Each structure stands twice: as C-alpha cells, then as structure tokens.
Amino acid sequence: MQWASILLLRGLCSLSQGQYEEDSHWWLQYLRNQQSTYYDPYDTYPYETSDPYPYEVEEGPAYAYGAPPPPEPRDCPQECDCPPNFPTAMYCDNRNLKYLPFVPSRMKYVYFQNNQIAAIQEGVFDNATGLLWIALHGNQITSDKIGRKVFSKLRHLERLYLDHNNLTRMPGPLPRSLRELHLDHNQISRVPNNALEGLENLTALYLHHNEIQEVGSSMRGLRSLILLDLSYNHLRRVPDGLPSALEQLYLEHNNVYTVPDSYFRGSPKLLYVRLSHNSLTNNGLATNTFNSSSLLELDLSYNQLQKIPPVNTNLENLYLQGNRINEFSISSFCTVVDVMNFSKLQVLRLDGNEIKRSAMPVDAPLCLRLASLIEI
C-alpha cells in the first residue's frame, strides 16, 4: 500500500510539471492575440496622410473607444463594425460597399465614407431617427439618387458629410437640427434661395470646390452661421446679404469683381475675410467696403487693385500681394496721423506689386507703429 501511494504521487507530480511546461508560454500567445486585435484609438481618422482629401474632418465622440472589441451584437450588419463599448456607433467605411446597409435603431453615429455608394434610398434611415452624425463623404452619390425625404425625418441630425461625391444640386429638405453641412468637392452649380430654408441652427457650411455661379439670398436666414466657405467656385457676385453671426467668410478663387458699399455692416462679428484670386478692381469697391471695426484679417491678394483700399484701424493682418498697386497712401490706414491715432496693423503684404519701399511716406512709421512685418 505504501509503494502504491508513492507511485501515485510521482505520477501526479509529472503530470503537473508537464502541464506547467505547456502553459509556461501562455503569455506569448496572449501577446500575439493582442497584437492582432489591438485598435489604436489615436489613428488619424477618417482622413489619413495617404488620403487624397486635404480637408480634415473633426473626429466625433464615436471614435473614443480603445479596448479590443468583444464579439459584435447580432443586430449589426455583417458588413460593418459595431463596438459594444460604444453601442451607438456603426463603422462601415472603406469596405467597397455599393449600397447602404440596415441601420439599427440605437445608432447615433454612422460612418459610410470612402465606399462606392451611389444612392441614398428613401427610408434607409427611418429605423434610426435618433441619428446625430452621418458620414457619407468619398462615395459616388448623385443628386437624382437621393430620396426626397431621406434626411428630413432625422430631427436630431447635427452633422452631415456629403463632400467628395457627384452631387449637382443642393440636397433637401434638411432637418432644422443640422449644425454642420459638408457639400464641398461636388459639382453643384447654384444654391436656390430656398435651398437652406429653416436651417436656423446651422453654424458651418462648406461649399468650396464646386461649380457654383450664384447663391442669391440663400444665406440670409442662417442666423447662427459662423463659417461660410464658398471658395474655389465660379461666383461673380458676393452673396446677397450675410448672416449676422458670421465670423469667417472664404470667397477666394472665384470671379468676384465687385463688393457693395458697407457690405459687411450686417455682420458685426465678422473676423476673417478671404477674397484672394478674384477679379476685384478699385472701381468695384466703395470707400467704406472694408471699413468694418470687427475685421482682424483681410486677404485681397492676387486681384487687379491699383490702390490700397481704405481699411479700419482695428485690422491686424492685410494681404495685398500680387496686385497692381503703384502708390502707398497712408490715408488708407489712418485718416489722421498723430500720437493718439494709429493703426493696429501687424502684418502688411505688398510684395508683387508696382511699388517700391522708397514710396512709403515719412509718416508711415507713426501710423503703422505696431506693424511687425511690412513686405514690399
């Protein structure tokens, strides 16, 4: 009986030792698994450095997850990822999709960018009326393939990305809740007066890199609009009236040749105006066109100006390079030059004109005493 007990103990020890040797490398296998499933929450997304799109899109709260995702819920489309630790987000980007999959009702953030989607069929979002964020940029969507009421039922939608598609018309109707609308890099040719009707909560509108020739008075009712980007279009006239809350206006690379007198008076919060690469002449500008006390930066470079237009003394940065300016008039900056009256201008670019540094009047240092850079 004693010998039997000894043999039994030896067997158990051997078995335990073998099991230990077999499991001693468990941590290596664990690291391999972690390496293959780890998701870096700080990856640039959706615009990576290799991406052809130069404009960044602010990352939404749906990108704030970092742990390796557990198995996906059953109601997530098989073409997409639905991380359980952020259950209201659905990722279907960069998957060569040609159609929009089913959207579960709990979703608030859906990402369909960089696919081959050509249509947004009517009713595709009817099951998820609580959506806040829809990313559809970088697809092949055309205007005639968008359901008439596909967005109007989404009463909580705040951000809509439809840039880098094949749109020829403004989509609509759109929900009043919308705060950001990205329609840049399409082929839109005009903005009808009622195209943005009711969007009183819209704060940013991106329409750059289109083929827009006129916008009429479509911007007047956007009372919350802070940023308007209409650059790289075919505009010959500025919009008829600007929103009162506007702070940033981008109109560079158009064919604008005139700006009405006191045009910016209705936008007392306006800080930045870019009108470079247009067809502006002094005949197309009134005396008080740019005499806005709120303006901090004004870009009029690469136009056809022959004189420096009068600006407000509060202006800090003025870009006039690449024009035909042939004289330096100090009255454009200071109507009266003395110890108490001077311009707050810090940067003045006049290079690439028909003027020499010797043309600066003797009282220029007194008027432009705060300037840190004057390029002639």
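Backbone N, Cα and C atoms are what each Cβ position is placed from, and that goes for glycine too.
A disulfide bond in Swiss-Prot ties Cys367 to one cysteine from Cys92, Cys334, and that cysteine is Cys334. For the repeat 'LRR 9' (294-315), the most Cβ-contacting stretch among 106-127, 177-198, 201-222, 246-266, 344-367 is 344-367 (pairs under 8 Å). Residue counts for the repeat 'LRR 11' (344-367) under DSSP, helix first, then strand, then coil, are 7 helix, 3 strand, 14 coil. Within the chain carrying the repeat 'LRR 5' (201-222), a Cβ under 8 angstroms from the stretch's Cβ atoms is held by residues 55, 163, 176-195, 228-237, 239-243, 250, all 6 or more beyond its ends. Helix, strand and coil counts under DSSP for the repeat 'LRR 6' (224-245) come to 0 helix, 3 strand, 19 coil. Remote same-chain residues near the repeat 'LRR 6' (224-245) are listed as 184, 200-218, 251-260, 263-264, 266-270, 274 (criterion: CB distance under 8 Å, separation of at least six residues from the stretch ends).
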